[in-house]
Amino acid sequence: MAKNYDSVEFPYCDEVSKYERLAKIGQGTFGEVFKAKHRQTGKKVALKKVLMENEKEGFPITALREIKILQLLKHENVVNLIEICRTKVSPTANQYNRCKGTIFLVFDFCEHDLAGLLSNAHVKFTLSEIKKVMQMLLNGLYYIHRNKILHRDMKAANVLITRDGVLKLADFGLARAFSLAKNSQPNKYTNRVVTLWYRPPELLLGERDYGPPIDLWGAGCIMAEMWTRSPIMQGNTEQHQLTLISQLCGSITPEVWPNVDKYELYQKLELPKGQKRKVKDRLKAYVKDPHALDLIDKLLVLDPTQRLDSDDALNNDFFWSDPMPSDLKNMLSTHNQSMFEYLAPPRRRGGHMPQQPANQARNPAATNQSEFERVF
């Protein structure tokens, strides 16, 4: 355990009491996140509590991995880890238990997350502002992928935005380094990553030798969500999620995805047959810009080897045609309250309500406006 601590480049852990907790802004399997301020300087920060699943096993390897990755990644569009703090420990603590107790990761504070902003009907994004959001998101992905890091949990709630309109990729709790597989030795990463509604088809089919395309699928889901205001494919199970993907992106077959039949799950699951690709048709009621539709379509490609990467996505005509990307600062300045998914009122948390199976879903035209906004 001491060896694990020594590998983290923070020479000691300050006490978390140097920060005053102001509000809880997040909750999940990872633990809790609090808005706080430095008692002396007044600087606002976010405190992420490290969940000690089994303290006898020492410092959680997932938290250690997150810390190491965040120490490596320094970019305007990646959340900044300031330091690591702990609760007060015994005066008899030694080098082997100097960070015993509750551990907190301390980050620069961001006023909003994208899920919180999209859950608020009063927040209106112009096309130029959506372009800026996606440009910053893809810049962040380009940077982490160049540094051989996969995020593995791309979703709107993990996209933070500061009051000045700067986007930060956040929550690297599932992130990991990756390498190009050698023919004789394919990678064997876990495929139990990425929140279900944003999980790409290759992971749902059991792929363990994957790379950056898994994050780009999530980017495509998030981009569509900028218009639909809620996740576009809200499956209840992995098979249901694959069914929704097939209904939107077309049937999963070897014709559109060579060698997909190599997956054992592909043979076992009864996936929809004869489905045509409908990404543009289904989204055009929301997305009026043809370049935007084109980019979403190229990100939501079934075959990961044909999916657009972040570099090509940033060169898409969407970002280089009028209206050009514009800052979010002015729009955000009209909203004084922080907006996070965790704090969204229940009636606005449509993203948390699983979509009905296709054979039970009602005609959108027959739903009231609030229901129509919730389910794509």
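Heads up, the Cβ atoms here are built off N, Cα and C, so glycines get one too.
The domain 'Protein kinase' annotation in Swiss-Prot covers 19-319.
The ATP binding site feature in Swiss-Prot is assigned to Ile25, Gly26, Gln27, Gly28, Thr29, Phe30, Gly31, Glu32, Val33, Lys48; the stated evidence is sequence analysis. Under the DSSP three-state reduction, Gln27 (ATP binding site) is assigned to strand.
Swiss-Prot lists Asp153 with the feature active site, proton acceptor, giving sequence analysis as the kind of evidence. DSSP classifies Asp153 (active site, proton acceptor) as coil under the three-state reduction.
Summarising the annotation, Swiss-Prot assigns region 'Disordered' to 345-376.
Positions annotated as compositional bias 'Low complexity' by Swiss-Prot: 354-369.
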> Among the binding-site residues listed here, Ile25, Gln27, Gly31, whose Cβ has the fewest other Cβ atoms inside 10 Å?
Replying inline: Gln27
> Near Val33 (ATP binding site), which residues of its own chain have a C-beta under 8 A away, given they sit six or more steps off in sequence?
Replying inline: Lys24, Ile25, Gly26, Gln27, Ala46, Leu47, Lys48, Lys49, Tyr342
> Can you tell me how far the Cα of Asp153 (active site, proton acceptor) sits from the Cα of Gly31 (ATP binding site), in Å?
Replying inline: 16
> Secondary structure at Val33 (ATP binding site) (DSSP, helix/strand/coil)?
Replying inline: strand
